[in-house]
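Q: Just dropping this structure here.
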């Protein structure tokens, strides 16, 4: 399933929200979303299960929950506007969905930056089979 998410990120191009999220991650962390965040831990990438492995994986868990709370929105494809002012992401005008999606992505990108010190390479390309514990609730 994660492979599909990686392919989606690569195929979406500049017209999709996943591309924008990737750009936010790059600007906030200095790391490319692929490979650093697309298959990290139990929640970074498509879907998620089990317990988050660390603070970075928890950022992805919270991001999944944020997307899950959106109604009638398409967070992986809806394009939104945002800018950066003095290093701060500012979500722009748009529909309520676009604004909420932007805020979810912004929170995750900032969370990744705030947890760079505890990022562990051993959780990159983490096997799903090791994520079988009961999932937390959002």
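For all residues, glycine too, the Cβ spot is worked out from N, Cα and C.
Just so it is clear, the model here is predicted, and its values are computed rather than measured.
Per Swiss-Prot, the features are:
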type     : residues : note
SIGNAL   : 1-16     : signal peptide
DISULFID : 42-131   : disulfide bond
DISULFID : 44-60    : disulfide bond
DISULFID : 59-111   : disulfide bond
DISULFID : 65-138   : disulfide bond
DISULFID : 66-104   : disulfide bond
DISULFID : 73-97    : disulfide bond
SITE     : 79       : site 'Putative cationic membrane-docking site (MDoS)'
DISULFID : 91-102   : disulfide bond
SITE     : 121      : site 'Important residue of the cationic membrane-docking site (MDoS)'
SITE     : 130      : site 'Hydrophobic membrane-disruption site (MDiS)'
SITE     : 133      : site 'Cationic membrane-docking site (MDoS)'
Q: Far apart in sequence but close in space: which same-chain residues, 6 or more away, have a Cβ under 8 Å from residue 42 (disulfide bond)?
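A: For residue 42 (disulfide bond), the qualifying residues are 48, 49, 50, 51, 52, 53, 57, 61, 126, 128, 130, 131.
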Q: Which number gives the other C-beta atoms within 10 angstroms of the C-beta of residue 102 (disulfide bond), all protein chains shown included?
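A: Its Cβ shell of radius 10 Å holds 25 other Cβ atoms.
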Q: Quick one: of 97, 104, which of the disulfide-bonded residues has the smallest count of other CB atoms within 10 A?
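A: Fewest other Cβ atoms within 10 Å, among the disulfide-bonded residues 97, 104, is found for 97.
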Q: What is the nearest of the disulfide-bonded residues 60, 104, 111, 138 to residue 79 (site 'Putative cationic membrane-docking site (MDoS)'), using the Cα of each?
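A: Out of the listed candidates, the nearest Cα belongs to 104.
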Q: Could you tell me which three-state DSSP class residue 73 (disulfide bond) falls into?
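A: It is coil.
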Q: To the nearest Å, how far is the Cα of residue 91 (disulfide bond) from the Cα of residue 60 (disulfide bond)?
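A: The Cα atom of residue 91 (disulfide bond) is 19 Å away from the Cα atom of residue 60 (disulfide bond).
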Q: What recorded positions among 102, 104, 121 are found with a C-alpha within 10 angstroms of that of residue 65 (disulfide bond)?
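A: Neighbours among recorded positions, in sequence order: 104.
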Q: Cα distance, residue 138 (disulfide bond) to residue 102 (disulfide bond), nearest Å?
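A: Cα-Cα, rounded: 19 Å.
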Q: Taking the Cα of residue 44 (disulfide bond) as the centre, which of the disulfide-bonded residues listed as 59, 66, 97, 104, 138 lie within 10 Å of it?
A: 59
Q: What is the total of other Cβ atoms whose distance to the Cβ of residue 59 (disulfide bond) is within 10 Å?
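A: Within a 10 Å radius of the Cβ of residue 59 (disulfide bond) lie 25 other Cβ atoms.
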Q: Ranked by the number of other Cβ atoms within 10 Å of their own Cβ, which of the recorded positions 44, 60, 130 ranks first?
A: 44
Q: Which of the three DSSP-derived classes (helix, strand, coil) applies to residue 91 (disulfide bond)?
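A: The three-state answer is strand.
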Q: Taking only the disulfide-bonded residues 60, 66, 104, which one has a CA atom nearest to the CA atom of residue 138 (disulfide bond)?
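A: Comparing Cα positions, the candidate nearest residue 138 (disulfide bond) turns out to be 66.
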